[in-house]
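K.L.:
Residues or ranges marked as region 'Alpha N-terminal domain (alpha-NTD)' in Swiss-Prot (evidence: sequence analysis): 1-231. Taken from Swiss-Prot, the feature region 'Alpha C-terminal domain (alpha-CTD)' covers 246-325, and the record attributes it to sequence analysis.
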Amino acid sequence: MQNSLLKPRIIEVEVLGAGHAKVVMEPFERGYGHTLGNALRRVLLSSMVGYAPTEVTIAGVVHEYSSLDGVQEDVVDLLLNLKGVVFKLHNRDDVTLTLKKEGEGAVLASDIELPHDVELVNPDHVIAHLTAGGKLDMQIKVEKGRGYVPGNVRRLSEDTNKTIGRIILDASFSPVRRVSYAVESARVEQRTDLDKLVINIETNGVITPEEAIRQSARVLVDQLNVFAALEGTEAPADAPSRAPAVDPILLRPVDDLELTVRSANCLKAENIYYIGDLIQRSENELLKTPNLGRKSLNEIKEVLASRGLTLGMKLENWPPAGLEK
């Protein structure tokens, strides 16, 4: 009779595209596929270190709802395009970059002036389009971080020296764009009740899918080491209770789900602004939404499933304090 737990002996990595891979690991004892798969997925989505633009100052712009002469996009669209630029910083936690461009044509990520220790993963990404006589002059602050940090959370009250025209951005630091897992049956000799774990992961190119899984595993091991060295301590009297932390992915706006314009507008008409708002709605509730049909509902369900979420989930302490609508 075997008393030791099986560990995966087969690990396969299938590259599906740039930054996209399927990782297969087997065999696991029954139940361990879901136990480890769900833990890795949550860590991959919330705890990977990445880089994102966090503050922008644009010459001639006072706030994000302004427009610029000679620039086809309004400032809101320009900032959305800027968030799509993938930065990678080497041996530093933040940097302020300059982008200056004049004359008709597209403004690309490669037009940003870079020091030697800053890299662009997608230099051909389009930020804006200039018309004849157009000009764009902006300062971009890029920081290192993890997860998703809404701009309103980053507006610190002690910051009294605010620069006029400084725009604070919602920052999505995570280099992991999508991750899902599935558990299939595996067999070893006469045992047929084993698990095979299949992880489908897509990154933005800052790290490879394999490295993302390695890093997430290290985070889990580091956290579990606390339990391995568990020693009881007496709790202080009258210790105040803390509200459970909210998963950062739930604080993201529904726009981050990249739904069709029709679906996104239907959700906003029902005051569904954040992913945390959306997952608490049931299918029947969404189908009662004007102009949102079965096709849009299926699209929403598929996008949520790719992030390990479903409709009809229950959340405590939602919405969290300070969340803007």
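Each Cβ is built from the backbone N, Cα and C atoms, and glycine gets one as well.
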K.L.:
Which whole number is the mean pLDDT over the region 'Alpha N-terminal domain (alpha-NTD)' (1-231)?
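P.N.:
Computed over the region 'Alpha N-terminal domain (alpha-NTD)' (1-231), the mean pLDDT is 91 on the 0 to 100 scale.
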K.L.:
For the region 'Alpha C-terminal domain (alpha-CTD)' (246-325), DSSP counts of helix, strand and coil?
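P.N.:
Once the DSSP states are binned, the region 'Alpha C-terminal domain (alpha-CTD)' (246-325) shows 38 helix, 2 strand, 40 coil.
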